[in-house]
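Lifted from TrEMBL, the feature list:
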type     : residues : note
TRANSMEM : 6-28     : transmembrane segment
TRANSMEM : 55-77    : transmembrane segment
TRANSMEM : 83-102   : transmembrane segment
TRANSMEM : 109-128  : transmembrane segment
TRANSMEM : 148-169  : transmembrane segment
TRANSMEM : 176-200  : transmembrane segment
TRANSMEM : 215-233  : transmembrane segment
TRANSMEM : 245-265  : transmembrane segment
TRANSMEM : 277-297  : transmembrane segment
REGION   : 318-355  : region 'Disordered'
Amino acid sequence: PVAMGAGFGAGLGLALASSAFIGGSFVLKKKGLLRLCGRGRARAGQGGHAYLREWLWWAGLLCMGVGEAANFAAYAFAPATLVTPLGALSVLVSAVLSSIFLNEQLNVHGKIGCILSILGSTVMVIHAPQEEEVSSLESMAEKLKDPGFIVFAVCVLVSSLLLIFVAGPRYGQSNVLVYVLVCSAIGSLSVSCVKGLGIALKELFSGKPVLKEPLGWVLLVCLVICISIQINYLNKALDIFNTSVVTPIYYVLFTTAVMMCSAILFKEWQHMVLDNIISSISGFLTIVSGIFLLHAFRDMSFTPNLLPLFLQPGRADPHPPWGSADRHQSCQHQPLLPAEDKGSQSAEEEEEEEA
């Protein structure tokens with residue numbers, strides 16, 4: 001079992017707070033935009049900027065900033081394999097708050113998806129992996145020189161370049177995986193940069209001369225480049241394909257890439273026993289199932305007609321008692337032909353006999 005230290009607890013708390021703030025920010029911004037629409041102002045989708053004078057929209061933006069800062073800080077305390085999957089809870093928070101404050105329908109698939117996401121997150125927290133202690137930029141530099149990570153980073157960069165320049169022009173408009181794979185692969189490197197910058201900030205607040213270290217600045221430049229690429233290709237994917245398709249696929253691929261990168265760079269899985277590894281993977285797959293249900297069936301109306309007959313309100317019992325007159329006959333006792341066919345068949349037989 002994982003030792004739940006003070007650092008791990010702080011990272012877990014920051015990750016959960018991040019999900020709550022980010023999920024709430026979507027609702028606040030949407031509420032502000034709806035208020036503007038109710039007043040007859042030009043909508044943001046039509047090029048209007050009236051939302052800049054709406055305090056609810058600014059409150060949502062502030063919540064988003066606090067959430068992202070908390071998420072950034074969480075990587076400095078807890079394993080990336082734990083922090084990244086917990087980001088799915090922001091989708092859950094947004095869905096629940098939207099159904100309460102925006103009167104958006106959360107159907108039964110969405111509710112089951114929320115429950116599955118919570119269960120999967122709980123399993124992942126209980127069986128979270130331990131990472132090798134990285135307390136300084138010097139130890140981070142040693143990790144980055146590891147041959148395993150160098151091979152992984154080269155594979156990510158080469159595959160991303162092939163996807164951008166070879167697969168993108170050919171299949172980017174028809175296959176959702178092309179641009180989403182670019183975002184996910186580059187995103188795994190951006191999380192490693194965030195982890196390193198979090199360690200640098202911890203050292204800076206403790207009074208060490210971190211600003212003189214070149215590695216911190218290199219990580220910052222790499223992070224800006226990685227996030228720029230992610231935003232660019234994620235926007236392309238969202239522009240071409242439906243959001244309900246892109247979001248769950250991106251979450252699955254991005255989280256998988258981050259877990260692989262963290263396992264190679266920070267050796268998170270090295271000291272885990274088999275049952276903790278299986279439990280972590282099972283928890284992740286449970287979250288994936290929940291996110292899929294929440295997104296894929298978001299616009300599907302779930303009517304009572306889709307229920308089994310015995311659960312549908314106002315329906316007669318589909319299995320009447322044996323003694324009733326209108327009970328169903330078995331196939332053995334049912335005529336093979338309808339009544340009209342039987343009549344016509346017997347008439348034909350009589351004509352043949354007379355002939």
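Note: Cβ is positioned from N, Cα and C throughout, glycine not excepted.
Residues 81, 85, 88, 91-92, 95, 107, 109-110, 112-124, 126-129, 243-245, 247-248, 251-252, 255, 259, 269 of the same chain lie 6+ residues outside the transmembrane segment (277-297) yet bring a C-beta within less than 8 angstroms of a C-beta in it. Note: the stretches the transmembrane segment (109-128) and the transmembrane segment (83-102) are in contact (3+ CB pairs below 8 A, sequence gap of 6 or more).
Scored by C-beta pairs under 8 angstroms, the transmembrane segment (83-102) has its highest count with 6-28, from the stretches 6-28, 148-169, 215-233, 245-265. Same-chain neighbours of the transmembrane segment (176-200): 72-73, 75-77, 80, 84, 134-137, 140, 144, 153, 156, 159-160, 163-164, 167-168, 210, 213, 215-216, 219-220, 222-223, 226-227, 229-230, 233-234, 236-237, 240-241, 245-246, 249-250, 253-254, 256-258, 260-262, 265-266, counting only residues six or more beyond its ends whose CB sits under 8 Å from a CB of the stretch. If one looks beyond the transmembrane segment (215-233) by at least 6 residues along the same chain, the residues whose Cβ comes under 8 Å of a Cβ in the stretch are 137, 140-141, 160, 164, 179-180, 182-183, 186-187, 189-190, 193-194, 196-197, 200. Sequence-distant neighbours of the transmembrane segment (148-169) (same chain, 6+ residues past either end, Cβ-Cβ under 8 Å): 175, 178-179, 181-182, 185-186, 188-189, 229, 233, 257, 260-261, 264-265.
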